[in-house]
Amino acid sequence: MNYFNIVACLILLGFQAAIVLAEFNYGEALDKTFMFLEAQRSGKLPFDQCVKWRGDSGLKDGALQGVDLVGGYYDAGDHVKFGLPMAFSVTMLAWGTIEYRKEITNLNQMGHTLWAIRWGTDYFIKAHTQPNVLWGQVGDGDSDHYCWERAEDMTTPRTAYKLDEAHPGSDLAGETASALAAAAIAFKPYNSSYSELLLVHAKQLFSFADKFRGLYDDSIQCAKQFYTSSGYSDELLWAATWLFRATGEEHYLKYVVDNAVYMGGTGWAVKEFSWDNKYAGVQILLSKVLMEQKGGAYISTLKQYQAKADYFACACLQKNDGYNVHLTPGGLMYVHEWNNLQYASAASFLLAVYSDYLSAANAKLTCPDGQIQPHEVLNFAKSQADYILGKNPKSMSYLVGYGPKYPTHVHHRGASIASISVLPSMVSCVQGFEAWYRSPEADPNVIYGALVGGPDQNDGFNDDRSSYEQTEPTLSGSAPLVGLFAKLESLSRNKGPYHKRPTTEQPSQNYHHQTSVPSTKSPGVPPVRFLHSITNTWNVGKTTYYRHKVVIKNTSEKPITDLKLVLEDLSGNLWGLSPTPVKNTYELPPWLKVLNPGSDCSFVYIQEGPQAKVSVLSYQ
């Protein structure tokens, strides 16, 4: 899927004076978050999978029911593919991509981001086998939790459960429609045909959710113990809102206005945003429509939506006349006992987005306890991210693998058992519990980027596998961090050294759309960085051509001479480099003998489809 590498290079956002200097390397935290998402992959893993302790798993999912359900994500420390939190996670990944496209691109992470989204959306397309049929879960939580085994060794039933007209699930179908609609927006600049396909499925799923109403856990009852739904009205409003944003079709906006009271959109004032409760997200998305003056005849109702969006933001910032979100003594939002950090991460992302909407509209947040500037809203979101990364009473990072101190006894089967590449023999259910779950030793596999459940309401934390409320990571906790970390890193002037992931976990060049290439003279030292961008596109008949520009920057402290580059997958014309006698090998033009420290040069080429792969062959 090389078209994932087609990304636009956009200008880095300037630093806003109101934001305090960064204390953390959010770029490193973002990189590690993508590693956790890879660790949660189910199915046939790609050749450039960078989390090497994982292997293929769940390759027969759906086979007993005659449907291909291979792929998707495992939910948390177990191996169930729960549809509702998975779909919410993909919606959050896509929303982060939409809002922070420039920031993610400038951090060289658009390839990772689109891959993370598509690993979910490809699965949802498979699961949506008919307009009114959605396979909503694979695996059973009860039987799965009786076993402590690697995904590659699974012996528990992989039963698949579906929604249909007789067994509806408006919440799950609605959330999946939201994920696909948001992903359609995210993919549109890079793969318009895939974007259109996602919209087709999103529209069908929304119609199914709306016409055949019911709670998904009444139809898939084995989900009730794990992800009980509090209702489906918020998901219907959420899906319609995302479809309006993806299509611009007014009837979707009319839906959220006509059902504003009946479905609680303008009635529910909430202090939570999560896989189960989408009201705050709906309210903030519709506030954007209002502030951009796109509300038309619906301004009155949209103002009511914004009033509830303000309630949520004011409650988070402790400015809501006492009706506030609880904060721990260390300043962390505390919403639920089980896996509280997933609620803090989702709320923080939402606040960062709302601060941008307010800032773009030159507006302020009006709270019962006073008016709040947009940058104050963002600063609160930053305080939550900083708490996660180590600014807390324990001085511990709750993002595994980040910083000097982080949880080492994560409630996660794959992390806690030796990799199948190290221990090829099968680990049985009982053996897993006896030899690995109860082991006092640290995890043999560091599950980089996992956001654990986090501390209790008094900032206490017990780094113990059996303490699943605190040490289990979730997909829905990590997904909002992608947009949040990208936003915060883009605003940071004080960027510390970027700690690359361990060399054994490095992805291939196909996976990164921008690469720092180690030199042949000094292994491990990246003297050159390539920045790819697309500066123009046009169509000739049904064929689309792209003008690619590549900036070559010397990131070392020494001059570079005799630089030779290898260009693979180059099918068009090239300007700015000189060919050599060796096939696919180029050098700098004769007038550019030396590339000084910090300086750059560029070349361009035109071709159909994805960018060429550029690497350093040698230099002096």
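Placement of Cβ uses the backbone N, Cα and C atoms for every residue, glycine included.
In TrEMBL this protein carries:
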- 1-22: signal peptide (SIGNAL)
- HIS411: active site (ACT_SITE)
- 458-477: region 'Disordered' (REGION)
- 468-477: compositional bias 'Polar residues' (COMPBIAS)
- 494-524: region 'Disordered' (REGION)
- 504-522: compositional bias 'Polar residues' (COMPBIAS)
- 528-610: domain 'Carbohydrate binding' (DOMAIN)
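With a cut-off of 8 Å between CB atoms and residues at least 6 apart in sequence, the same chain places GLY77, VAL452, ARG465, SER466, SER467, TYR468, THR471, GLU472, PRO473 near HIS411 (active site), listed in sequence order. Here the domain 'Carbohydrate binding' (528-610) has a mean pLDDT of 83 out of 100.
Residue counts for the compositional bias 'Polar residues' (468-477) under DSSP (helix as H, G, I; strand as E, B; rest coil) come to 7 helix, 0 strand, 3 coil. Residue counts for the domain 'Carbohydrate binding' (528-610) under DSSP, split into helix (H, G, I), strand (E, B) and coil, are 0 helix, 51 strand, 32 coil.
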